[in-house]
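Take a look at the structure below.
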């Protein structure tokens with residue numbers, strides 16, 4: 001059945017609502033990320049840096065748990081239901097975050113709960129991607145997945161920008177006693193996120209409709225149909241999914257998210273150790289670098305849409321992994337010059353340890369270090385407590401910048417291609433649960449990546465850390481070679497269309 005013009009317009013309006021949902025999900029994570037630590041210290045002085053790590057990880061843990069559940073829900077019921085419920089959970093969680101200062105004790109646990117629930121609500125990413133996979137033809141799929149990832153990336157970029165704007169309100173802000181609500185630089189961003197969530201729910205009710213087309217773009221009836229539309233039943237769902245390809249793509253996606261989480265985590269401690277940057281300098285310079293990488297990623301998302309039509313998704317995924325491998329290989333220390341050693345001029349043990357292990361977590365740079373009263377300068381350089389600092393060559397700034405550019409190029413390529421190939425391999429069958437597992441794989445990688453790199457980097461140094469990462473990427477390239485011929489669209493596998 002040829003798709004009608006009305007069906008086409010309604011289908012793409014619904015897809016755009018999914019783009020918005022993905023964007024808001026990313027904003028919900030990043031809009032408070034730079035203010036979590038000072039807010040936590042303000043509401044509960046008993047919280048330490050290790051508890052901050054749990055608060056940051058709780059988002060990914062919540063998303064990892066929720067993604068398969070919402071995916072399963074979306075396989076059997078209209079997708080509007082899990083989308084609205086998940087967004088409502090995020091709205092409620094943001095409101096809870098704004099009130100974590102009210103209880104007289106255990107405030108840090110309320111903040112932990114709030115962030116975990118925000119992550120749980122973000123499990124709707126699986127529903128979003130499964131809908132887009134079912135509502136696009138094979139020729140539309142790569143472009144739609146690239147747009148989805150671009151919206152996600154823009155959300156991560158703009159979240160901290162919104163946070164920065166709200167800092168103008170100040171720490172004290174305005175207090176509404178009748179609501180027990182403090183509107184300040186910590187609470188206003190989450191309330192803004194809650195407002196965006198309410199708007200998203202309204203748009204889902206007003207505009208979003210269930211649509212599905214087959215791989216050739218012909219409209220067909222969705223299993224999630226809520227009685228709207230006149231789509232006809234798809235007869236091309238016979239055949240089994242290639243589960244070897246499915247598992248391989250889950251593993252590849254885990255590796256892709258894992259290595260990028262390592263890259264994000266190690267940036268600040270690495271630059272402080274290698275270039276003797278202060279905390280303020282490291283946060284400022286790396287913030288600029290990450291912003292540029294975010295912009296680079298959005299551009300790459302747009303480029304791969306056109307490039308994939310000529311070369312195919314598998315070749316681009318292979319190229320993306322190779323670029324990431326080169327990026328981490330460049331980071332290996334090769335020269336002879338050693339980094340500056342922290343407090344090298346001090347020959348006795350009167351100076352306490354100034355860089356605790358906890359500060360090698362992704363957000364260690366937000367912790368205030370306590371210096372001896374007779375020292376006003378902040379300790380800079382590679383801490384002598386990391387024994388590798390005494391014999392490992394420094395990584396030159398040109399190496400670091402080159403690596404940033406390459407990883408910022410390879411990561412978005414791998415991200416888009418893995419999602420696109422995954423949806424094509426699954427074919428016309430309901431993809432909610434499978435997309436849930438893929439999202440859970442990525443969330444697990446974002447939890448384990450920082451833990452891995454903080455331990456290896458602290459105890460063994462950058463040479464071991466980046467060598468192991470290179471080994472992981474090489475193993476993923478070998479896996480891709482093994483399953484390369486299996487990573488084809490469901491309809492191509494069963495001979496319904498030609499590749």
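Heads up, the Cβ atoms here are built off N, Cα and C, so glycines get one too.
TrEMBL assigns the feature transmembrane segment to residues 283-304, out of the candidate ranges 283-304, 349-370.
TrEMBL lists transmembrane segment at one of the ranges 216-235, 316-335, namely 316-335. Across the domain 'Major facilitator superfamily (MFS) profile' (14-488), mean pLDDT in this model comes to 81.
When Cβ-Cβ distances under 8 Å to the transmembrane segment (16-39) are tallied for each of 51-71, 112-132, 190-208, 434-458, the top count falls to 190-208. Between the transmembrane segment (244-263) and the transmembrane segment (464-484) there are at least 3 Cβ pairs closer than 8 Å, counting only pairs 6 or more residues apart in sequence, which means the two stretches are in contact. Sequence-distant contacts of the transmembrane segment (316-335) (same chain, six or more residues past either end, CB-CB distance under 8 Å): 252, 256, 259, 304, 307-308, 392-396, 399-400, 402-407, 409-411, 413-414, 417-418, 421, 462-463, 466-467, 469-470, 473-474, 476-477, 480, 484. Of the candidate ranges 83-100, 190-208, 283-304, 400-422, 434-458, 283-304 has the most C-beta pairs within less than 8 angstroms of the transmembrane segment (153-170).
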